């Protein structure tokens, strides 16, 4: 009825628009004055009047029908007819409205307003009836399967989301493990670089020691040469002593004294040279020792930093493990809650279906009685 009223209102509006257009054409607005044009205008006006008349007649018929079924007099005057009012009032109003509408010869604006009021009343009745309706699941198989499919899809999506979250957490854990391994490898690299630097310092110390040993070998060679020269000079002086000990005793003492002075000078020069070499070696050894001490201090510091970094990495790993454990527990709790909600929803659905089956069985078991309406 509401759709029919809307269609009639649309037909009335279109017919009124056609009448207005025909009147404008008859007045000469937007047209050229010739005989064919005037005939077309008259035909257009006649057609518009016919359409208007048919629309008005259909609207009057619908108003009479609505007055008889809904009670339109109360709607026009402003009072709202409630569904629990007596049938006598409805019949009285319908008869009065029908007689009033039959007396009217033309379709007025009041009738159009009455039609619009009926449309609004029908919309209100539809909304009121819709509010009283309770959406229940159908007992048939096909609609139930249609209703279950979205739930199954949502459950499948929830399961896929849970699986994706688990995979994401596993990837995060793998990334954390890889980062920890990378950190340890970097620390091992630093330790190896430190060992390499200590090896270089040891190599320099070994080179200094080799130079020292070479210089000692050269000194031993020089001492052997001096000992050989001293033994040869002693063998030449022995026959002179045997020939004349009393006469040449003073000469030999002077020669020995002069020989000893020259030898002492040579020894002094050799001693000074050896002292310089020893000082240079001592200086080299001191520098090597300082390098070794510095490298050992650096190594000790780096080892302490390495231990601290290991402790920090261990604490970070423990914290990450605790965090992942908490997340896993929270996710497990959420999944358990979702599972409990699904179980409860399934139980309620089963209970509603059982109640519906019981009601249907009860209705089928009742004997059908033929009642005559008064």
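In case you wondered, yes, glycine gets a Cβ from its N, Cα and C as well.
The coiled coil feature in TrEMBL is assigned to 154-204, 307-363. Residues annotated as region 'Disordered' in TrEMBL: 218-243. Residues annotated as domain 'Harmonin-binding protein USHBP1 PDZ-binding' in TrEMBL: 277-343.
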**Fill in**
Looking only at the coiled coil (307-363), mean pLDDT returns 87
**Complete:** DSSP puts the residues of the domain 'Harmonin-binding protein USHBP1 PDZ-binding' (277-343) at 67 helix, 0 strand, 0 coil
